[in-house]
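Colleague: Here it is, the structure in full.
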Amino acid sequence: RESDHRAWTPVSYTVTRQNATVQGLIEGKAYFFRIAAENIIGMGPFTETTKEIVIRDPITVPDRPEDLEVKAVTKNSVTLTWNPPKYNGGSDITMYVLESRLIGKEKFHRVTKEKMLDRKYTVEGLKEGDTYEYRVSACNIVGQGKPSFCTKPITCKDEIAPPTLDLDFRDKLIVRVGEAFSLTGRYSGKPAPKVTWLKDDIVVKEDDRTKIKTTPTTLCLGILKSVRGDSGKYCVTVENSTGSRKGFCQVNVVDRPSPPVGPVIFDEVHKDHMVVSWKPPLDDGGSEITNYIIEKRDAHRDLWMPVTSATVKTTCKIPKLLEGREYQIRIYAENLYGISDPLISDEMKAKDRFRVPDAPEQPIIKDVTKDSAVVVWKKPYDGGKPITNYIVEKKETMATRWVRVTRDPIFPSTQFKVPDLLEGCEYEFRVSAENEIGIGDPSPPSKPIFARDPIAKPSPPINPEAVDKTKNSVDLSWQPPRHDGNGKIIGYLIEYQKVGDEEWKKANLTADSCPETKYKVTGLTEGLTYKFRVKAVNAAGESEPAYVPEPVEVKDRLEPPELILDANMAREQHVKAGDTLRLSAVIKGVPFPKVSWKKEDHEVSPKADIEVTGVGSKLEIRNTVHEDGGIYSLTVENPAGSKTVSVKVVVLDKPGPPRNLQVSEVRSDSCYLTWMEPEDDGGSVITNYVVERKDVASAQWVAISSSSKKRSHIAKYLMEGTQYLFRVAAENQYGRGPYVETLKPIKAIDPLHPPGPPKNLHHVDVDKTEVSLVWDRPDRDGGAEITGYLVEYQEDGADEWTKFQTVPMLDCVVTGL
């Protein structure tokens, strides 16, 4: 039962052992228990516990403390920390016992005399250079628990530790103007580090607003009532003999922007609106400008009217103005942190202050041709607004109406090439300028001009040279002048001068007698040396002369013949029968060589047309036949030498007739034809033979083979006893040649052989001058009916047989013996 209740509660009725577990009790409450024994007769008396029992977990000594660590070592002290045991034994820890052992000794000695609950302790008064190990135990009401695991051996000496730095601030910090801010953190290091604060790489010094506080473990930089100038990159450096650490923070002290930068510029002023512009604030307050607020005010009223409060541009159109009134504009800049003081403009009257451009000065006309002219003018005053276009007009001098030369804009160029003029007409031109206000007055008309090409004397001819000479002439050649003076070159004047003379003589009297860029100067004296010059002539006159660079000695020039083959002589020529054969070559040589054509070392056919010019020769044969093929040679010869070239010409034609057509192996239904290829294959491979037959009684030939490539054929399916003729023709890619025909018909019958010998020849009667003979038919008749039997006799001892007679029957009487 509970100690404060009187009623007992049964725990178990079936306990047979001498112990029992009571469950369902409440922790912290006090209970009494009683026990009675029972047998089959009944229950005995109860025995009761003498005192109440409070329900709680059993208490033991604590577990060993955890994580014993050495935090600091000097030459005469050691600082240690640890964590509580995982389990306190069911009772609160009452104190910790720290023990040490000098390395080399066996026993641990208690370090702490007083009752210690802190989990950090500094052992002092140690001897420099001694080495110790430490352990710690926890105590509760039951007693002292197991000691912790020992530390590693620790030697007393001053420690060196590189600096550490733990900052309480981030990389960036934004502060409103007037507010205070501080940068704090913790640091450590052995020996004690030096702490330095920098702003934008300059050391920070304390003043009324700037405070620096440093303890052995903490550091702090504080600034009171911050201003925009406090913005910058702050750096704290912690440094000792073993190294240094740095921390950074970009501080941005933000404020509303400064006013926009004036003055307010009136870009445009009109009677009902203005366009103004300004410059951004010098200081945007540390935050980008998000907006400008623009207001206007009639100069004679106090009320400011909003224009816009949502623009980031530094220009604005001020609308809805009254003509003639004066206005002021004020502008505020705004960022995330507020609105600046205003920028206020001067007063400005609302009126149009721009006009159309002035009229340009009289334009100048240049580069006139038969259908175009270039008009040039100077830019006039633009009326206060930029010129956007020029309008060029033209008219014929005698007409009254001006016409625009183009609808396309002309700007910014101050000249324009006017097209589509009529040759020979007289024109005037004028120019107007246009801006956004409108089109200004036109310029005065230009001086009249006629649309025609200007003509000047041509430039000299180019590169005159002597290209050939004989004993009394020199051939000159040159190139046209670079500039014809805009006039057609009529021709050229050629002049020559004997070396040593001063006078130049004319080779031709008029330019039109030499329209081409070459001329043969004749009538010169053999052996003399001459200079030559050429002038170009157009309607404006003669050009300056162009001189042949070197004097020329007049004499015959010897050059051996040279043949430059055209494509039709460069390799073997194939010509289809009936087509035209052309052979040609360019011939050079001085004097010009004698030309001769040969075929197979003989004169060429009379049907060949041969043409010889001053530069070459050509042979042409129309309607070629096969006989025109062969090797053609061209020979050129002069006193300096000779040269010959040859080309093989193949005239491609139908082949000739096959040769030696033979018929053999005649049967009643077939025969065997053989022949030889034609002597002439037409210059092309024979592709096949055509074989035909004809019944002698019929006029029609019948093809029996048209694709045979062999030179033989079996003619099948003949009618026995019928007489046939055969013919064969050869074909190549150019057609079918003539037929060759069998000379005489053949009869379709099986071949005949001599019959076999008669059998069983014997005499049946003998007289003194005659013998009666009989015999039997032979075994084979040779393929035809036996028409008779030839009877011969021979005198005994003689060599020759004597014919007696031929008899139709199987018996005979030989007489005259």
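Cβ atoms here come from the backbone N, Cα and C positions, even for glycine.
Because TrEMBL annotations are produced automatically, they should be read as predictions rather than curated entries.
Pulled these from TrEMBL:
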DOMAIN    1-58  domain 'Fibronectin type-III'
DOMAIN    64-159  domain 'Fibronectin type-III'
DOMAIN    163-252  domain 'Ig-like'
DOMAIN    259-353  domain 'Fibronectin type-III'
DOMAIN    359-454  domain 'Fibronectin type-III'
DOMAIN    460-557  domain 'Fibronectin type-III'
DOMAIN    561-646  domain 'Ig-like'
DOMAIN    657-751  domain 'Fibronectin type-III'
DOMAIN    757-817  domain 'Fibronectin type-III'
Colleague: How many helix, strand and coil residues does the domain 'Fibronectin type-III' (460-557) contain under DSSP?
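Modeller: Computed counts for the domain 'Fibronectin type-III' (460-557) are 3 helix, 44 strand, 51 coil.
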Colleague: Counting by DSSP, what is the helix, strand and coil composition of the domain 'Fibronectin type-III' (757-817)?
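Modeller: Its residues divide into 0 helix, 29 strand, 32 coil.
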Colleague: In the domain 'Fibronectin type-III' (64-159), how many residues does DSSP put in helix, strand and coil?
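Modeller: For the domain 'Fibronectin type-III' (64-159), the helix, strand and coil counts are 0 helix, 43 strand, 53 coil.
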Colleague: Please spell out the DSSP helix, strand and coil residue counts for the domain 'Fibronectin type-III' (1-58).
Modeller: 0 helix, 16 strand, 42 coil
Colleague: For the domain 'Fibronectin type-III' (64-159), report the average pLDDT of the model, please.
Modeller: 87
Colleague: Which numbers of helix, strand and coil residues does DSSP report for the domain 'Fibronectin type-III' (259-353)?
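Modeller: With helix first, then strand, then coil, the domain 'Fibronectin type-III' (259-353) has 0 helix, 50 strand, 45 coil.
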